[in-house]
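Right, I'll just put the structure down here and ask away after.
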Amino acid sequence: ASFTIALRTVDNITVMIKLRPGVLPSCPIRVKYAITFELKIKPGDNVTFTFTCSTPEKYFIMEIQKNIDCVSGPCPYGDVHLYPPGLPRLNRTFIWDVKASTKAGLELKFSTPWLRQIEPGETCPDFVSYNINSCIDKATVNIGTFCRNGSVSRVKLLGGVIMSLHLPWDSPLTTSGFNIANRASIKRLCIIESILKGESSITLMSPNYPLGFPEDELMTWQFVIPSNMRASVFFHNYSLSNCERKEERVEYYLPGSFSNPEVFKLSDSQPANIAGSFNLSLQGCDQDAQNPGILRLLFQVIVQHPQVDENVTHLVDLSKEWNMTVTIHFEGWPNRVPLMSEPICLICKDPRTCDRVLTLVSGAIYKISFLCKDLSHLRITAEKGISCVDLRWCQRKIYSLLVPKVITQLPIRLHKFIWKLSAPDLINVEITSPSLKLQQHVPEQRCNTSYSYSIVSATPETELNVGVFCPGGSIEKIQMRNNITISLKTFGKGFINDSNHQDLKMSFVPHIKDECTFTVSPDPKAKVYLQTPNWPYGLPPYVSISWYVVVPSKQVARLGFSKDRMGIMCETGRAYVNIKEETLGAEEIVRREDELLPKPRNMYHDFWVNVSNCKPVDKTQLTLQFWVALADKQIDLGVILAVVAGAGVLVAIGFTVCCVKKKKKKSQNPMVGVYNANVNTQVPGKKGLFAKGRKNNESHVYAVIDDAMVYGHLLKESNGTVTPEVDVYRPFDGPVGSLPPSPPPFSFRKDIKYSPNNEEPPPVMDTDHDTYTFAHQKSGQMEDNGDTNEKNNGDTNEKNNGDTNEKNNGDTSMSLLENKEQDGLEE
């Protein structure tokens, strides 16, 4: 098809057809006998042309520019038409270049549905857009880009204007949608009028956004709002220039105000809950020529109906609080920015000072109200700081880490309450929960409560996430070094009721050895799962963590690890797991990172579990989990028989001693006192963590021995060639209780044997009295190191070597002892 475009000279219109940017030359234009890829039709021309392809809209665009002179001649007031008619269906840009004097402003009035301003780079849904530029002398200022269907009804400009309308090739639009109204002096860069009807939200930007508002300019937005509606202003993005003179600011003309204009800084909270129409002006300054900076502003105006409870005030009394802030905010703050179309929820600390986010500080009393249809979109985040400078003063004080009732009584859900605990070096923090205790949140034992505590220990170099804990567990106490952050986070609405039963307390304590120490009293009815901090990322290098597990006297604890090995390789140092019962003479079980972890075992006393990290190789991390389960002690029938038999032996020995004493008394032979100054009355081995039993009591040392119990003549009879079957007495090497030790029970006889494959021998259940044992050692045999035994032979061999020797040799020695005593009596 061919097209004919005839332009009148008086219309001052130029039409340009050219290739779209980035398109290869194709589908040329045929004008008579000429072929071209660009066609320019000037005023007074009459041109007929055709396209050589059926889809020219893919290759060409069209610009139609009309020059209007409102300086030397009359302005064509009224509607602006799309002229000329009969244009080909190409993407079209209509440009109206209107020259006007700076003494008389030019007003553009838009027909409904008016315009909506968009950010640079944003596109309109129907691809129909307007661009308005103001021309003052030779300077051009971009007022903004607009789509249809908005609230901007008029734009007044100082000087001339370049108005552009972009239409896609398939747009059915046949009118420009605006007209040129009367001229009037405005004495500022521009005035933008916005009419808002009903509940709505609009976004507007300063001219030249985001490149910068012109220096020392003034512009105004006029908002027309029904008197029965309320408007609020929010600045979302702004920056300031470097001023040499004057100051950048915004000014408001507000209805009912006695101090118009009200001046605000761009950093201030802007007016809210405005009843009726108002004006907002942006004033620039004289900028620094060397470093001007950029003044720009993007803001939002929200219009809503008056809220039913806007006059309902809530008293927030923070006058007695210290070092605390309370922030009421929208859901997702501060990581998420609410969409412009989302329902607005405002928090007001007075009728005109409202915002999406309101922060209250301790030491003051507030009366707040809410402009919000649904308060479920609001949250509370509070933070309180507690510090210690002098341990002599703060060590005697116990702090309750409770959420104040003034917060829980608000109709807003508490999202998080944060305690920041700080102390200088050598002062640490202790967390306790006397009545509720704490449960560690682990995959096998998840928290199912309305709130939980996240505990983080931090130094300037490292941060240790101790873990997530909730009430209702077995952890009585947590001691930590460094500064501590405890975050209480709520889940659901149940915290309102549970907040009345909070039971978390904090105190400052002297320096502790490990990075973190837990005190655990396991639940008798359930397994307790515990895991290393910083899960699942692993302990930091060279960090040591300890657990102290309390075992009731009438119960036994079963300790087990969730995996066989630590699962790391060390680049520097070694990683260890140490287990030791809190009793004198108890063995210390040590495992390195290259060894198997101990198999499940019974623990009869309070015990320690310590995990110490090395510097791991590559990305391997030390993560360890173990469990503890309690069970009642079972009294074994064999143990009962052994105790009865032991009592019989004691009676027999007592009877024998009495007979000997009577015989000696008759013969008036004096008692032989034997004192050995080399006997060590202290229990050998590593000193326990706590003093216990008869450590300093020498009642278990034989100070006087009857001469009938001395068997030196046996050695003389053998001429020193026969090794006696009776072991020499050695210092006691076992646990010491509060009562004198008992002889070995009959269950220790050598006819009772244990398989080397057994995990451990059957435990002696009656542990109210410590067992008295003799450690036998052959001549010339070195005593094995505890670590070596564990590494080479394992727990089974260690126990078989100890217990079996005692059973095989102990009974034999006792029999010989009885025989020799009998021989002495007969003599």
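Each residue's number is its place along the chain shown, starting with 1.
Cβ coordinates come from backbone N, Cα and C, glycine included.
Okay, so TrEMBL annotates it like this:
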DOMAIN    3-70  domain 'CDCP1 first CUB'
DOMAIN    79-182  domain 'CDCP1 second and fifth CUB'
DOMAIN    188-291  domain 'CDCP1 third and sixth CUB'
DOMAIN    315-403  domain 'CDCP1 fourth CUB'
DOMAIN    414-497  domain 'CDCP1 second and fifth CUB'
DOMAIN    514-627  domain 'CDCP1 third and sixth CUB'
TRANSMEM  637-660  transmembrane segment
REGION    734-827  region 'Disordered'
COMPBIAS  788-809  compositional bias 'Basic and acidic residues'
COMPBIAS  818-827  compositional bias 'Basic and acidic residues'
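Describe each of these features in terms of where it is and what it packs against.
Over the domain 'CDCP1 second and fifth CUB' (79-182), the average per-residue pLDDT in this prediction is 93.
Look at the domain 'CDCP1 third and sixth CUB' (514-627): DSSP puts its residues at 0 helix, 50 strand, 64 coil.
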How many helix, strand and coil residues does the domain 'CDCP1 second and fifth CUB' (79-182) contain under DSSP?
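Taking each residue of the domain 'CDCP1 second and fifth CUB' (79-182) in turn, the totals are 0 helix, 60 strand, 44 coil.
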Go ahead and report the DSSP secondary structure tallies for the domain 'CDCP1 third and sixth CUB' (188-291): helix first, then strand, then coil.
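Looking at the domain 'CDCP1 third and sixth CUB' (188-291) with DSSP, the answer is 0 helix, 52 strand, 52 coil.
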